[in-house]
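Copied over from Swiss-Prot, here are the features:
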- 284, 298: Mn(2+) 1 binding site (BINDING)
- 298, 300: Mn(2+) 2 binding site (BINDING)
- 820, 832: Mn(2+) 3 binding site (BINDING)
- 930-1058: domain 'MGS-like' (DOMAIN)
- 1-401: region 'Carboxyphosphate synthetic domain' (REGION)
- 402-546: region 'Oligomerization domain' (REGION)
- 547-929: region 'Carbamoyl phosphate synthetic domain' (REGION)
- 930-1058: region 'Allosteric domain' (REGION)
């Protein structure tokens, strides 16, 4: 069927900010879909609140609205734009839920907007647990016995009839939020109570646990003519019971017989046909390893994290084709863009193995609950491709960037057998490493399979890796063993460790004996047809398929897996850099390991290498491609850390040079540079041990800010107010970087702001100054940022511009740099300089209309700012006000404290723009789902040093009609200043403490600040946790509360007698 001509204008809903469970894969899907629809000649209108994505660039759709994805704003845009149709299946759970809400409120009918791709009934059937159960029974597809409950008591009664363990799954939540496995009634009560609160329809499904079955996923496509096919099947290394987003996954599935594959394939295809889904769909199944019994676990009637993985694993662009199917095209009419010759009706065939390993945020959250279950906790993932399981698994391990270069963590050798086996049985994020250690200790694959229900096939592969380790140890310098090790994915560094030599010597030995990798193409058809995609992976074998072209090339290093502190913003910069390289007439080559992002879409660059970002893997590509140079400043800390080893190996680093990167990163050199340039910074010292730190702090005076040098995202950074806390910090955090000392700085409580600058070595362009709403001490990535600045005087802005120019020229910056300042009493201090693109690049690029990463790349390749038409200095500011606000994923991470400080905790961001500060703030709060009603109660629990300031806020809340509650000390302070607050009890005062008021819905907002003694704050932590679990807005910085007050004041009426 040809494409539809009765619709012209289509609206696409994006997925909003990045949170755990909904990450960059939707930026990739949405970008592909919008371009795919434009290619067919439709007018595309996009709504998405996330400025950090490629998807919200002007070129992606005909009209891009960066507005909150809420009923209020989406309805406004629908009324204004009047599209013919709406495509909701590319915006993750956010997009689906929005479509449901628009439909239930009658907006779609009123405006005559048709839903494309997936019918509402199908969304309902797949998402509503009851309807899903009915449909499966009709299709005679087996599902675990289950019951829908709306109260805790119903749950307990049902569990009594089927027996424990049971699984709780709340309806309409994302990434398993609020669900979990329960081994007894106590756990069931706890999890169900929480799950009912988090489900928008207060219902949960209680089902028999089938933990221990194999978890298999099928990614399927269907069109309007009922053609359906399987794009890819995938098998989880971890059995059922661990969320698939937190599992190690292999594609294609490895341990199923042909019969089992056909059985599950038929089930998946019959389900997508019954749901009449037009587009992509993901079916998760559980297979009993000991019989041919299986269960259907769930169906996602949309593009998902698994479909991004399947697209990258097979090269088959699911989202692009889903968009074409949505407008009526069929699979036998669309050409597969990978081969350029076969139709999309061909099922992909793979002649390689793909491994995906999740990346978790626990390096940032040491207190976080690391046990894995049905609720997702990973922030991102890596993927690696190899010719065997060992190779793809080991390549994926070294892509993770958690300080490992093999499937082993050396410290585990010291763990006792009992502790080891406990970690093998009770899965945490690092279980793979514990299982590998158990094998090294001589536990047999059979024993481990019995304990973990991991298939023995995979455990044999781990045993094979260990056998090769032993061979290497027994035969140093042996070329045959070296070849075997390389064929199985071993890194030079691991081989060097076992041989007692250096990585460099192993590399030399390889090169002398021509043991080098070849690069194979990902072509969807197992090399059956010629393919035109330049998408490659390395392996040790015959025939290299990546042919170097005659054109001069430039290699751009990506930023690896998404984690806190290094998010999709860096991928954005990478993609823009590639566009500029191509525009300058070079061949652009990308190297990256993240399957979720736009940069690893094969149509973005001239060549894509899907490889770990390590020195060895990057050098192999450089040896083959011989590029003009490498650009490292867009890949975050990942790429910057590779600059020095690459330069030592004689590689040309384009842009700011290594010596100058060092001057910005190394503390002593940086201080010296600032002295020479006559720029003030807060007084500080370096310390290598506890005593030196204590001395430094006494000399500078408390409070001090302590942190290791060379880190991203404020890892292990703290504000310390007394010597006792300082000593405990030195004992726990110095491990963060043994070679690099700890920095001790005077902590200046002032107004913080930051600047991104672009320099060609002569002139410096400053697109804008962003002012932080939270005062210094909250990490810049967790602060709300406002552009243009609202409170900085002209003199301060001129000083900032002047210091920025001096620094850019003085540090020989070529390309991008980011500088953070703190201002106190009109005096400007420099806090830090990052000689690379920062996480504010996408936001600033969008609000100033300067494509910053592209401009920077053009400068790196030799053009000047004046040639590109930009002036020296601060760019004229916009008339509208734009706010970048952080979004957190605390609901997903038990035991992580939500108190904001110098260590970054947010996973994503949203943007609010309008004519005034108050309106822009309102949009930013709405977009980040911090909704405050216009009346209700606010509770204050404030540290002594902030009580004065809080009193003023409390008065203003009272003036607009809010009720004020406060904890004992705070209430007494308010009363002595003539403000009556209703006191609330201490934690543990049943029914009178804050958590119980929160549970009863009597509190609309909590304002909680923490004083100098961090140790005595367990109460505060419980209060903050209760706010997060019940979705009550929580402010741990008075400045954010003040911003929210401005919004409420601008929206409220004051009643006064005359």
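Glycine too: its Cβ is placed from the backbone N, Cα and C atoms.
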Would you mind reading off the Cα separation of residue 832 (Mn(2+) 3 binding site) from residue 298 (Mn(2+) 1 binding site), to the nearest angstrom?
48
Rounded to a whole number, how many Å is the Cα of residue 820 (Mn(2+) 3 binding site) away from the Cα of residue 298 (Mn(2+) 1 binding site)?
47
Take the Cβ of residue 832 (Mn(2+) 3 binding site) and count every other Cβ within 10 Å, whichever protein chain it belongs to.
17
Cα separation, residue 284 (Mn(2+) 1 binding site) to residue 300 (Mn(2+) 2 binding site) (Å, whole number):
8
Site of maximum Cβ density within 10 Å, from binding-site residues 300, 820:
300
Around the Cβ of residue 284 (Mn(2+) 1 binding site), how many other Cβ atoms lie within 10 Å? Please give the count over every shown protein chain.
21
How many of the residues that make up the region 'Allosteric domain' (930-1058) does DSSP mark as helix, as strand and as coil?
57 helix, 21 strand, 51 coil
For the region 'Carbamoyl phosphate synthetic domain' (547-929), mean pLDDT (0 to 100):
92
Count the Cβ atoms, other than its own, that fall within 10 Å of the Cβ of residue 298 (Mn(2+) 1 binding site), considering every protein chain shown.
17
DSSP on the region 'Oligomerization domain' (402-546): how many residues come out helix, how many strand, how many coil?
78 helix, 11 strand, 56 coil
Going by DSSP, is residue 298 (Mn(2+) 1 binding site) sitting in a helix, a strand, or coil?
strand
